[in-house]
Amino acid sequence: MRILGLDPGLATLGYGCIEVYRDTCQVRDFGVITTSADLPTGDRLQSLYNDLHTLIPILQPDLVALERLFFYRMSHTIGVAQARGVILLVLSQRHCPLLELTPPQVKQALTGYGNATKIEVQRAVQRELHLCTLPQPDDAADALAIALTASRHCGHING
């Protein structure tokens, strides 16, 4: 099963795609899609749409796992909500099955602690995916964490 994890954001959208087979998991691809703060919001959303619309058929996920909106700072939350709307539109158009997870669910699944730090989550991702270095940037690492949590949620990987 191929799972694409998405960490939504207007400035930086992280993605991480893993391939799960029985109890093994391999990274297929990960990275970020960025938009410039100098552009109008509508142009930034259009750019996210275009990039995601291109990325989904390349990665061909069987499931997309998306971080559910979780309130931190209102100014940050608005951009995330706008990016999520674009993501949901693309996923609907591409007929992609969707699983939504909250940040505490992801942290709990990977570290055993719902308030884990970013570095603790990155180390868990590095360990579970047998990566030589910590996955970077943070948004891509978070997306891989979301994909790993989805694989556990679907019963493909035991924690």
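From the backbone N, Cα and C atoms, a Cβ is placed for every residue, glycine too.
Secondary structure from DSSP puts ASP7 (active site) in a beta strand. Among the features that Swiss-Prot reports, active site is placed at ASP7 (among others).
Secondary structure at GLU67 (active site), taken from DSSP and collapsed to helix, strand or coil, is strand. Residues or ranges marked as active site by Swiss-Prot: GLU67 (among others).
Feature annotation from Swiss-Prot assigns active site to ASP139 (among others). Counting only residues at least six positions away in the same chain, the Cβ atoms of ASP7, GLY9, THR12, LEU13, GLY14, VAL32 sit under 8 Å from the Cβ of ASP139 (active site).
Under the heading Mg(2+) 1 binding site, Swiss-Prot lists ASP7, ASP139, citing sequence analysis as support.
Just so you know, the Cβ of GLU67 (active site) picks up 25 other Cβ atoms within 10 Å once every protein chain is counted. The Mg(2+) 2 binding site annotation in Swiss-Prot covers GLU67 and is backed by sequence analysis.
Summarising the environment of ASP7 (active site), the number of other Cβ atoms within 10 Å of its Cβ, over all protein chains shown, is 27.
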